[in-house]
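A.B. asks: According to Swiss-Prot, the protein has these features:
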- Ala8, Tyr9, Ser10, Gly11, Gly12, Leu13, Asp14, Thr15, Ser16, Gly115: ATP binding site (BINDING)
- Tyr85, Asn121, Arg125, Ser173, Ser182, Glu258, Tyr270: L-citrulline binding site (BINDING)
- Thr117, Asn121, Asp122: L-aspartate binding site (BINDING)
Amino acid sequence: MKEKIVLAYSGGLDTSVAVKWLLDKGYDVVACCLDVGEGKDLELVHQKALDMGAIECHIIDATEEFSQDYVSYAIKGNLMYEGTYPLVSALSRPLISKKLVEIASKTNSVGIAHGCTGKGNDQVRFEVAIKALDPELKVFAPVREWAWSREEEIDYAIKHNIPVPIQHDSPYSIDQNLWGRSNECGILEDPYATPPKDAYDLTNELEDAPDEAEEIVLSFEKGIPVSLDGTAYKLSELILELNKLAGKHGVGRIDHVENRLVGIKSREVYETPAAEVIMNAHKALETITLTKDVAHFKPVIEKQFSEQIYNGLWFSPLTDSLKIFVDSTQAHVTGDVRLKLYKGNAIVNGRQSPYTLYNEKLATYTKEDAFNQESAVGFIDIFGLPTKVNSMLHGGYKDEQ
């Protein structure tokens, strides 16, 4: 009896070719495809896997789990790798790995295969996660082993009658899920080349976006958005709705050269309309609900948390601890944020919360002012005392350039 390998199957170029490659190596292939909100025709993917020679194909709807257990932390933690990338693909990898391991256990498979290249981050994310969940499973990386160029891979697919939605004149590598869409390869490999229109799908060009701004109100409970303009949504549904709404206004385009885990720089084009709106709103709500010390320290945690996910370390003791900290900061991040969507921008122009720490009577400069300005004298004396003592000792501060 042949040994079984579970393949993380997307229906794209790499994994379609990988089915054929694994079959030639003498394995039975169990394909597994997760729906994490990417919007593709999964029935078509299911049939394609079987047509390619897989003995089984498991289609798993993990959209709700993805939104509740993974995207929720991206929101609560304001997670952005290098302050720019909302971790679109990176967030889904631990969940995909978890489901692959579950299928491997159910089907008595000896290992798991993925379609990642040898120079990307995903190979690390999948393999580290799989080994964290089941150290005994073998991991196969067909694309890394055959080391073909993109053009050679396309030629192989054509030669073996493998249908792939890709041609030499449009060789993009696209990954999409609920949280956004990433695009690389082709002309995008030149960091100075302007991305062509066909590189985008979720967002309008600014020239094609509506000429009138649109105001929306996003409501949060404990750091998670729960309604849009007064209508309640599940998190996954709210994200999909905002992707359409904000994408119409050209919101969420990111053109970024990032530092990959494997040591190279890579130009990536992302579309994250919902993520930009939600993150902007969430940060605005935190400004009135977090104490100063928490607000100043939380970005330190956010940076580390983002790097943990980007580097494939979701299943680790440190990440578990970071999640606990982030959760503890969100108890009072409840309220409403008003934003204006216009020509690529999601601009916050109002925020309110039943737990607001903003005291208008303390902040105002009108006659309603309740702030005791006389207390400033003593505060300044104490605050500036170390500076004063140092200057007394050294005869004044010398501003030497």
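Cβ coordinates come from backbone N, Cα and C, glycine included.
Owing to the predicted nature of the structure, the values given are computational and were not obtained by experimental measurement.
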A.B. asks: Counting distance between Cα atoms, which of the binding-site residues Ser10, Asp14, Ser16, Thr117, Asp122 is nearest Glu258 (L-citrulline binding site)?
C.D. replies: Asp122
A.B. asks: If the L-aspartate site is taken as the center of the Cβ atoms of Thr117, Asn121, Asp122, which further residues of that chain fall within 8 Å of it by their Cβ?
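C.D. replies: In sequence order, the nearby non-listed residues are Cys116, Lys119, Gly120, Gln123, Val124, Arg125, Val262.
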A.B. asks: List only the single closest residue to Asn121 (L-citrulline binding site), chosen from the binding-site residues Gly12, Asp14, Ser16 by CA-CA distance.
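C.D. replies: Spatially nearest to Asn121 (L-citrulline binding site) by Cα position is Asp14.
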A.B. asks: For ATP, what surrounds Ala8, Tyr9, Ser10, Gly11, Gly12, Leu13, Asp14, Thr15, Ser16, Gly115 with a Cβ no more than 8 Å from their Cβ centroid?
C.D. replies: Val17, Ala18
A.B. asks: Please list, in sequence order, the residues in the chain of Asp122 (L-aspartate binding site) that are at least six apart in sequence and whose C-beta is under 8 Å away from its C-beta.
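C.D. replies: Those within reach of Asp122 (L-aspartate binding site), by Cβ under 8 Å and sequence separation of 6 or more, are Ser89, Arg93, His114, Cys116.
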A.B. asks: Of all the binding-site residues here, Ser16, Thr117, Asn121, Ser173, Ser182, which one's CB has the most other CB atoms within 10 A?
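C.D. replies: The residue with the densest Cβ neighbourhood is Ser16.
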A.B. asks: Nearest to Gly12 (ATP binding site) by Cα, among Tyr85, Thr117, Arg125, Ser173, Ser182 (binding-site residues)?
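C.D. replies: So, spelling it out, the nearest of the binding-site residues is Ser173.
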A.B. asks: Within 10 Å of each Cβ, count the other Cβ atoms and name the one among the binding-site residues Gly12, Tyr85, Glu258, Tyr270 with the highest count.
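C.D. replies: The residue with the most neighbouring Cβ atoms within 10 Å is Tyr270.
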A.B. asks: Under DSSP, is Gly12 (ATP binding site) part of a helix or a strand, or is it coil?
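C.D. replies: Assignment for Gly12 (ATP binding site) reads coil.
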